[in-house]
Amino acid sequence: MTRSPRSTAWLRVVSLSLAAFIFNTAEFAPVALLSDIAASFSMSAAQVGLIITIYAWVVGLMSLPCMLLSSDMERRSLLIKIFILFAISNVLSGLAWNYWVLIMARIGVALSHAVFWSITASLVVRLAPADKKAQALSLLATGTALALVLGLPLGRVVGQYLGWRVTFVLIGLIAAVIMVGLMKLLPVLPSSNSGSLKSLPLLLKRPALLCVYGLTVMIVTAHFTAYSYIEPFILKVALLSENFTTILLLIFGGAGIIGSMLFSRYSSKYPAGFLIVSFAFLAVCLLLLLPLSFSGWSLSTLCIVWGIAIMALSLGMQVKVLTLASDATDVAMALYSGIYNIGIGGGALLGNQVITHLGLPDIGYMGAAMAILATVCCIFTFVRYSHVLKTSLTN
């Protein structure tokens, strides 16, 4: 049966959303399996949590160099090469016989991640129907949210009953299946508007874009100061069961899907207010993490709001980058991906230090302090650069 060009375009967007799903499942799998990995290597959760920092900082440091090295490559073949490295590295993660082998395997996953996220958002915009670009980005974000709502809880269930190693091997096998789908669905995609090293000085002369990058690293650091250690927090501070921990991760991810839907509906109407409110709600959630940990119901409610906020603001910042750098999208998104992951790594490291010197219960307060500062800076940025930031991605 012959498909219409519009349905074909949506199938391609869906295929990239599935790719986003498996990449984000792999990135955040250690969050759901932290205690099990720590027990396997006779280490503490805080020590093992550093693999999140290492992974994120490899992505942060390598996103732009990897993108520039591949800037002239045809995108379909580049995606296939990325998936081959990704699948092999995940299988090796599952087979890791010591902590250092696990780190090396995770670095392989991180390198594939660095290239994937530097090109994928712009590819989705390019492949989407002409009048549905913001919705296509929202669908890509849904792939990310599904990694939280399905990938992390299912990965945790598999790890709980079959061992954490099986989780990583399964991720590698699923990635291979998605790769075959991409090979069949995607057309030849010559590099377009990728930019080059010459684009970098031009981007760095755009103060509004630099502010968006700065806000990104601040709010992501705040989020991951607490979220990197949410599993041991639920188990050891909230004193909830392992099964309820899985349910909370499911709730958090489901809230991310709601955040994606809210973004699709309201971000164009309220480009400034939508982001500022998202920042503020994230700050409130982190501030209330410990006070509301007294019961499963209160913590579940908090996770719903938290999940909505982080997804909404992540999407909002991504659209601002694409809008402010439409002439060099791949370079701009490589920088965004790198900066986002520097925030992830910084948050995981800051959380590690909070646990070491203050205690696990205080991770929310430290994250909240960062988030409040980020919210104030967000308001200032939108006031200062309102003429360029109060725009949306419409074409």
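Here the Cβ of each residue, glycine as well, is placed from N, Cα and C on the backbone.
Per Swiss-Prot, the features are:
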TRANSMEM  13-33  transmembrane segment
TRANSMEM  48-68  transmembrane segment
TRANSMEM  82-102  transmembrane segment
TRANSMEM  107-127  transmembrane segment
TRANSMEM  134-154  transmembrane segment
TRANSMEM  168-188  transmembrane segment
TRANSMEM  207-227  transmembrane segment
TRANSMEM  244-264  transmembrane segment
TRANSMEM  272-292  transmembrane segment
TRANSMEM  297-317  transmembrane segment
TRANSMEM  331-351  transmembrane segment
TRANSMEM  363-383  transmembrane segment
Recorded stretch, among 48-68, 107-127, 207-227, 331-351, maximising Cβ pairs under 8 Å relative to the transmembrane segment (363-383): 207-227
Top partner of the transmembrane segment (207-227) among 82-102, 168-188, 272-292, 297-317, 331-351 - counted as Cβ pairs under 8 Å: 331-351
The transmembrane segment (244-264) and the transmembrane segment (82-102) contact flag, 3+ Cβ pairs under 8 angstroms: no
Outside the transmembrane segment (331-351), six or more residues from its ends: residues with CB under 8 Å to it: 46, 49-50, 52-57, 59-64, 66-68, 71, 114, 117-119, 121-122, 194-196, 199-200, 203, 209, 213, 216-229, 314, 317-318, 321-322, 324-325, 363, 366-367, 370
Proximity verdict for the transmembrane segment (82-102) and the transmembrane segment (13-33), three or more C-beta pairs under 8 Å: yes
